[in-house]
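Trainee: Straight out of TrEMBL:
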TRANSMEM  12-30  transmembrane segment
TRANSMEM  88-109  transmembrane segment
TRANSMEM  130-154  transmembrane segment
TRANSMEM  174-202  transmembrane segment
TRANSMEM  319-340  transmembrane segment
TRANSMEM  360-385  transmembrane segment
TRANSMEM  397-417  transmembrane segment
TRANSMEM  454-482  transmembrane segment
TRANSMEM  538-560  transmembrane segment
TRANSMEM  566-584  transmembrane segment
TRANSMEM  643-669  transmembrane segment
TRANSMEM  734-758  transmembrane segment
């Protein structure tokens, strides 16, 4: 028996989630104290007076600057809100149609019968009717989708609320600006982690009222929650990615390369669309993506646990082990965040990146202790785990090792990503150096760097898979994925910090603030760029483990005893599955390219036809560029989304579970490699450009300054890398997870009615 009682578990999980939400609200309240309206002179307390003196000393206490910052912030917030509302209307239609598909397919497994039937794994027990499983799976799908949408939307709202406040705080020093941006990122991180946990926990308890002792049916229907979360994430990532990169490429090519004006110059018509894009792609898209990973890894672990000794013996605390790991994660991340905001103060630019990296190390070290504690308290000393038709005996310390190896593999992937994408190290400096001979050598070096950066993360994932599977079969892999995501609140805080800092720099430039302020925001942004790459590394690494765990659950549920790679049915699946990431990437890259083409033409047209635009006397038409990005991304996100959502349905229905197993394995193996190399190549090109622009070392100064041939070659590399690192790369991890979770949800249908073509011939 476990030390922790069921009653204690029922209190601990929701309590941790509520603490996380309360912490997020507290951080938001602190950020909101930075006023976006010019302050009246009379009612200042002592601290405010000190701050005002600093501002006046720098000649920056200018009411016009504050007003201008507020105006720009409103324009960005309005653009982001209107885009997300438009996107969610289209996605809402899809969600409704797909919910009907889930209900019809799963309901038809036993001809829409309302009679109980023998359970799939425990034949001596009666399970609830298939029709009600279909209904509850549909409800959990809708709940997951809504939670994902809300997570993304709240993140975007917080980011657009905080960007101008970060700019204004930069007047008082880099430390104040850093804390404002980081606190705002923490609001998103903690809200998302806590909401995901709370909604999942409440859903399980509500479903239990109907299912009673039928835990097999209960947790099978809960898998819809992961499917809902990931399907929304796909559209958020692809739609947001196309939006942000169309604007970014358009703004860079015409503004920097052709017109030789700085980044975020207010004369550039695409500049507002570019800043809106950071929020809808990097914030809302990333939020939905990591929420999807979290929901799926929890669902995969719960499905396997429900047919293991935890489920068979109705051990509620053991069953909730994945949720308890996430609960401990929220508390650990809360303590970790205080190190950045309260315990240590950032005083110089060079301290920013180490402070962010310390967050990863502190959270991982504390979480290791937390996992050991919860494994000792919540698990019996020995228990059995379902392993393809057999029960495998596992100890509580074995399971601790599985979670810990996932956690540390995540840290390794994060650090390797940072080594290959930060301009503090030789790989990116070599790429910058290659710009001496033009854009072509820059592109060659960048591609080579991306391919090379795949090696160590794949070894880390491989070791994680082998050790966790050896100890606890597929359940071990599911909890290893959960271990990697257990510090999601800290990971997301660091990740959201990047786009907020990027926007802050843009606002400083557009508001005409001094060069010193722009240097501070650039330093925040450069650190944010590297941490964004680390965030993508985590997302891809966890996606590999999550999809493998889901694959294992699918194979078990579909009754596949062994996946034989020498069977022609499996081989054709493997080959087609390995091709899918390339097909998907081709679609998303081309979408960005055609949208960027339209944007470039519009920006050129405005520069050529609006009198006085280059001189700063004419006003650009920002709204038209925002409209181009919005229309293009909404139209172009449908085909890649349809490819991912329809593939498992078509393959499973017409070719059966063996071929679908091959497709899932092929997509996983090829998708992870393509995703890592695409993300890191793009990140390296971006930071090579920033390395030349900053001119912080003798080597960097020899390549600069801005506007030189070297710099223009770096801008071209950065522009090519934009869709790789922010559209295709990050969307691929959703492709591999989403196909796996969709196959798991529809597994009962595929097992009963699948393989129509092979039955005919």
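Each Cβ is built from the backbone N, Cα and C atoms, and glycine gets one as well.
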Trainee: How about long-range neighbours of the transmembrane segment (566-584): same chain, 6 or more residues beyond its ends, C-beta under 8 Å?
Mentor: 640, 643-644, 647, 651, 655-656, 658-671, 674-675, 728, 731-732, 735-736, 739, 758
Trainee: Can you find at least 3 Cβ pairs under 8 Å between the transmembrane segment (88-109) and the transmembrane segment (734-758), where each pair is 6 or more residues apart in sequence?
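Mentor: Contact between the transmembrane segment (734-758) and the transmembrane segment (88-109): present, because at least 3 Cβ pairs are under 8 Å.
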Trainee: Could you tell me whether the transmembrane segment (397-417) and the transmembrane segment (360-385) are in contact, taking contact to mean 3+ Cβ pairs under 8 Å with a sequence separation of 6 or more?
Mentor: yes
Trainee: Counting only pairs 6 or more apart in sequence, are there at least 3 Cβ pairs under 8 Å between the transmembrane segment (397-417) and the transmembrane segment (538-560)?
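Mentor: Since 3 or more Cβ pairs under 8 Å link them, the transmembrane segment (397-417) and the transmembrane segment (538-560) do come into contact.
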Trainee: Counting only residues 6 or more past its boundaries, what in the same chain has a CB within less than 8 Å of a CB in the transmembrane segment (734-758)?
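Mentor: Non-local partners: 102, 105-106, 108-110, 120, 130, 133, 137, 141, 220, 223-224, 226-227, 230-231, 233-234, 237, 289, 292-293, 296, 299-300, 303, 543-544, 546-548, 550-551, 553-554, 557-559, 569, 580-581, 584, 644-645, 647-649, 652-660, 663-664, 667-668, 671-672.
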